[in-house]
Structures are given as C-alpha cells and as structure tokens.
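These features come from TrEMBL:
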- 52-98: repeat 'WD' (REPEAT)
- 104-135: repeat 'WD' (REPEAT)
- 196-231: repeat 'WD' (REPEAT)
- 373-404: repeat 'WD' (REPEAT)
- 611-642: repeat 'WD' (REPEAT)
- 665-696: repeat 'WD' (REPEAT)
Amino acid sequence: MAAPVMDTCHVFCCANRTPNVVSWGRGGLIAFGTCNSVALYNPQEIRIVEVLNKHTGRVNAVQWVHKQDCGLETQLVSGGSDNHVIVWEKQDGKFTACAVCSGHSGPVCAVDAMSLSSSQLLVASASSDSTVKLWTCSSDTAECLQTISFGSGFMMDVSFALLPGSRVPVLACGGDDSRVHLYVQLNGQFQRLLTLTGHEDWIRCVEWATKDGELWLASCSQDCLIRVWRLFAKTATEPDQQTDAVIKMKEDVFQVSGDEFAVTLETVLAGHENWVYGVHWQPPCVKGDLVEQPLKLLSASMDKTMILWGPEEDSGMWVELVRVGEVGGNTLGFYGCQMSPDGFMILAHAFHGALHLWHCDSNQGEWRPSVVISGHFGAVQDLSWDPEGEFIITVGSDQTTRLFTPWTRKGCSEITWHEISRPQIHGYDMQCLTMVGRFQFVSGADEKVLRVFKAPRNFVENFANISCTSLEKLLGCNEIADLPEGASTPALGLSNKAVFQGMNPLNSLATGEFALSDLASQSPQQDSEDFNSLSDQYKESYFQSLKLTEPPKEDDLLQNTLWPEVQKLTNLLVDAGVKNLHDLRVSQASKPEHAAILLWSTTSWKQLQSLPCHSLTVTQMAFSPNGHLLLAVSRDRTWSLWRQGNPDSDTEASFSLYANTSKDTAVHTRIIWSCDWSSDSKYFVTSSRDKKVIIWGHRVSGVSVGECEGESVTPCSSVLDVGDSATAVSICPYLCSDQSFLLAVGLENGKIALYKWRPLEDLSSGSDWSKCGETDACQSHTLTVKRLRWRPRPGRAGHGGNEERAWVQLASAGADHVVKIFNIKISAL
C-alpha cells in the first residue's frame, strides 16, 4: 500500500565513522553503512538508490561478495554493533536479508566473503570479542563453521583469497599484535600456517589481489607504512640459485596438500605521515577471455591523503603514481578507500563520514574532485523549509547546520538534492532551528544561546546558479549590495564573523569583521615583508569567495559556505511567527519558573514577554498560520494556547493565555512530543508518547481557534492510536481531493504513517480517521523520527509545470542521522 503513495525522493546521509564500512561493487553501486542501515549509492546518478534496514546497531563493516568471473555482484555482507552478520541477496531487483549470522558476543568490526558454489558462501567476521568466526551461508540459513580465538587480542580486518592453482581458501587476518596471520582451509577447518611480521603498530587493513597466478597481499598499519607481500607456488618457479651476487628476500615456505608455497615481502611503501587506515587493490577486469588484475594499490591515511601506488615498468620498483587529498578545515583524515571497477574513480570516506570522490580526466590526465552526496554524522534534531519551499535547513548532534537544495542542470531533466552550504559549524550539539524570512534562520544548541544567521551574498549568488534562479528574483539590487560577501570563524571562536569587501585587516581584529580584499594572495616579497598580516600566515583559515555552477565539495563546505552571525539570544528556540515574534523555551526544565516561554522581536531582537504556564520542559511550539495564536506542548503532558491581544496593531501586542489543559483535564497520559496547525488555523494536533494523536479546536463549524468567545477548545477528533510513541506530527497545508486533512505521524520505531481526517459530528465510531499510507522497511528510519515538515508550497522542489500541483513533499529528520524527502501524490489520496 505504501509504495504507490510515498516515493522516496532523496536520502541525505553519510558513512559511519569506522574503517571497512564502504565497498564499491562491479555493478557501479557503492555500499556503505550509515547508522544502523546499509545505503546503496549510485555515483553516476548521485543519489541513494536503496536503503537496507535490518541491523539494530551501528553498521561497522560492509563488503560486496565478488565473483571470480568479474560478474555483477548479487550478494552483500554487513556486520554491526548488534553482534550480527547479515547476508543480503538481490531478489526481484531488491536486496533482502537472506541469512543472519548470530554468535559473536561483541560488535563485528570486519567482514569478508567468497563464493563456494552458486548457492553457498564462506563468510569471515572479526569481532571485539577477540574471535574470528567462519560461516557457511546458503539462501536462508547460516551455520558457524569455526571460531578462531585470539585470546585478548583483536583482529581489525580479514580477507579471503584462493591459493594459486587451487580451490583452497586462504584467510588473512590483521590485528593489534602488529602481525598478519595466514590461515588455510584443510579438511574443512582453517589452520594457521604463517605469521607475517614487520609492522610496528596495529594493522588496520589487509587485502588480497591476484596477478599472473600469484597472490599479492597488502597490509597497512598505524606505523604509517604499507607492506606488500607476494604468495606464490614454489613448483612454478625456477630452482633456487644460491649465489652471492643475488640479494634475495627471505621466503617463508609452507605446504598444502603436497604443494609447496612461499611468501616473501615484496616492498614497503612509505609516503603517509599519519596512520594508514585503508588499502585497496584496483579490481580485476575482463580482457578477452582472461581475467586480469592491474597491480595498482590505493591507500588512505589520517593525514587526509590518498595515494595510488604501482610498480614501474622498467625497474619494477613501487612508486607513488597519484596523490590526492583534503586541504584545510578542522577535520581528521580518511578511514578507508575504494576504487571504481574501471579504475577511473577513487573514493575515500573521512572521519566525519564525508565521501570524497575523484575522477581521472582522460584528456588531461589529471584527477579532479567530483560531486557526491552528504549528510549528518549524528542524530538530526530539527529541520525547516524556507518559505518558498526551495531548500531545507537541518541541525544535528554532529554540531553542524546544513542546507540542502535541488541541483537543476541545464539540458538535464534529472534533479538531485545536494548540500550547498554549511552555515554553522558549532562546538555544541545542535537542537533546534527555525527560518526567519527567506535567507535568515535562528538555531539553538546545548550551550543555551540562540544564534541568528543571515545569508551572505556569495551564498545567494551560488544558490541562484545551482537552482537556475534569477538573482534579482531572490533579492533586490539594494539588498544584495548590503550583504556581506561571506563569513569566517576566528581561531578558538564559535561565532561566524562577516567578511566584507574592501575592509582594513587591522580593523578586523577589533570588529570581528574581515575584508575579502585583504585575504587575497600577495607576491612572495610582500608575504615576507608583511609577515604580521594574519591572512598571510593562515590563508587556509579564512573565507574565499566561490563561483559555483555545481554543488561544492567537502573542503569548501567546511570553510567557504558559513553564514555570518548577526545576533545572539538566550535560551532555546522552537518556532517563528509571522508577526515578527519568536518563541523560545528553556531546555530540561524541572521547575515552572524554568519552563516559561520567552517571546522575542525579530526586528529589534529584544525580549518582549515571558509566558509562564508549564511545570516541565516545553517540547515544541508552533504559531498558527494566521499569526494570532501560539501553541505549546510540554513534558508535563499538557498543552497551552496563547492569543495575541491586538494582532492588527502596529505595535507588538502581548500574548495572554487563551486555553490550556491541566493534569485533571489532560487527555494525553504521557509526554506530548509534537504539535502542528492546520493551514486554516481552525484545528491543531498533538502527538504523545502514549501513542495517541488528537486534533483540537472549536466544535463550532467554520470558526478558527480563538475566534469564538465562550467556546472552549476541545477534541474535534476521536483518539487515534498509532501503535507506538508518536514523536512527530505535521498537517499538510493542502487538502486531499475529498477535502480531508492529510497528516504525517512519525513514530519512535522510525516509521512514518499518513492519515486522513475529516471533521464529523459523531466521534464515537472513530471513522473520522483513515490510514492512507506508511513507509515500508526500506523507507523508514531505523531510529526515532525527530521532526516532520511539509513543503509550504505544492509540487516537487526543482520541478515545474501545472501537473506539479498534484504532488506534495514531506521532509523527515531522524535520530538515525538521516534526512529523507518523500514525494506524495495528494491527488490520488
């Protein structure tokens, strides 16, 4: 039922902050773990094509099951902090969980798998319980074949291969003992054959490659080095010639089923300046009837660089072929790397979850950064649409505020959503925000200080380019001229300072404002003579104006897309009203005096009024669309309704309590999480932890709330039981074809349900409610839905045409780090 009603437009997410969590398949899809889910990302379409939900803990490792003939993968393996390993299989075009491996007593940190037959997999998993488990998995069952214990040690990565010229599996394990352990399957059990030494710190990644009938093993470590080992069959080599003229590396020889093999150290690669977390061989490819694998090795490090290594044709010496990386910002380095099947694209995932993609320009032979998706790496706490419905702003526990908008490309009908600005990078977890006009918002964090931000000119210009909108349509000429160019954050500061053109840098130290012209590059002679200029010493710390025709890369998002902070307020903001008022709340209130609502003017930014009513934390507030009423819901299980004294007055009239519920009259029996208004201001809705959703208003037909003196505010609907804690609710601003109201309800289990409601005289039957849609397993969040917001205009953002009025869009924010946008055809409901 849900599939035709709710269509996932876009998923904003990023990779988990663990190694081994990204894998690139031959079919072109990149699989990565994001919170408790596995996301399948298509880098060509630049969007998430599928989300796999089954894990109940963070996904720590993901690996495609590669086929020996280089065919397209149909299976995927993932391991998580729920101690489970899940095998996913493609069936009828969708991936489903076909087998769950349960047995570890700690989080799974690494997985690998290989096909034993068309219907059976051999899976290896490493866990923090100091074991590596071997599993045999069929279409619907999983059996633990063997458990290898490492005492008090931990294996950080595992990798499978087949011994040269045989079908005997060999397993490499690298761990915190600085050694690589090799196991070979004999008589159904894996037995340790060799231990490769040389690294001096924890081994973070191991991976096999096959070349000319030999195995090549790459291992990387926190000692900043990469070691490449060669495993070959002794029977296929020339007899040893013991001469003093030949310098030969030591060989570790072992026998398997009568065949003799040897392992030798091929090379040690030193080029990184910090821990090396990932190595990845270029995938094999089919040439004619043969499968060949190029000897090119990609490495990723905490020094923010990736290096592509390979042997020289003449000397065979391993050298650095390509080096790419991230410049500037206050981030750490890369956790892992992957290479596309054709070898023309390389990918890194960073400590903060961001994906970094480079492609090789075959014409110029240069590697250039490419556009990718992005998202929060912590719980998303709140979101808001701009008044025109052209972009959304989100805040999260990752201490960032992010702005997403559709990218409209000329001559291309495909529209994708991207992060084009990161207005605020904070030092506290973000909790809430609201838009105040088109290009201004207010956000609140755990520091209990509200900050007001206004878009700089560089953002407005780039937004116009990316959305293919006229700049004059967005802002008037005079308003554009008055805007600062951008913003920059001083060292050890939390406030974004405006950057203007033509200001003196000496004054910037006192005013906190910077001049763009003073940040421009100077000649080497000027640099040496004017050493006292901060902008000369630390150019990477300051804003640089961008002229974008495509979404910015992660480097620019971190440094060059900040918005200037124009005001500070106190306490935490919940909502903004249309009459130049803000309402605010104090978080974690346990006393009535701490749970008062504060009203601020958005023109003078002065506090206007304090509204005491609730005894515990106010969880959410909302102004009515007509701006006359303010609704608040609280942890004390009650709601309060405040009415403006004289809304038509030129002065900012005060609010007074119009209606409220008490502990004696409350219908909800648990904390009220969320509230919202209907577009005509006649009704408002509340949702609670008691699983109830209730619509309130005057029972008098056609009267807006607050306009009927002497008429109490009572439930206008029957009590809707949604089956789980209702943590978010939102009423669509547009009616369905049968003139009923459309509501979206977000649940604690991550599901989002759509309900239609029609006012009826008789509420006893409960027929006023009808469920018309629900997210399926792949569309749902895996943790609590924190916020739901409908697009304030009909249609799908970025699209045009009269047929768009049949669509509405719903944005959701979840504790699973994900923001989703759904397309809903309201005309079909």
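Here the Cβ of each residue, glycine as well, is placed from N, Cα and C on the backbone.
Model, not experiment: these values are computed from the prediction.
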In the repeat 'WD' (373-404), how many residues does DSSP call helix, how many strand, and how many coil?
0 helix, 16 strand, 16 coil
DSSP tally for the repeat 'WD' (104-135), helix/strand/coil in that order, comes to 0 helix, 23 strand, 9 coil
DSSP helix/strand/coil residue counts for the repeat 'WD' (665-696)
0 helix, 17 strand, 15 coil
Same chain only, please: residues at least 6 beyond the ends of the repeat 'WD' (665-696) with a C-beta under 8 Å from a C-beta of the stretch. Say none if there are none.
619-626, 628-629, 631-635, 637-639, 641, 702-706, 713-717, 719-731, 733-734, 741, 743, 745-746, 748, 755, 757, 759, 788
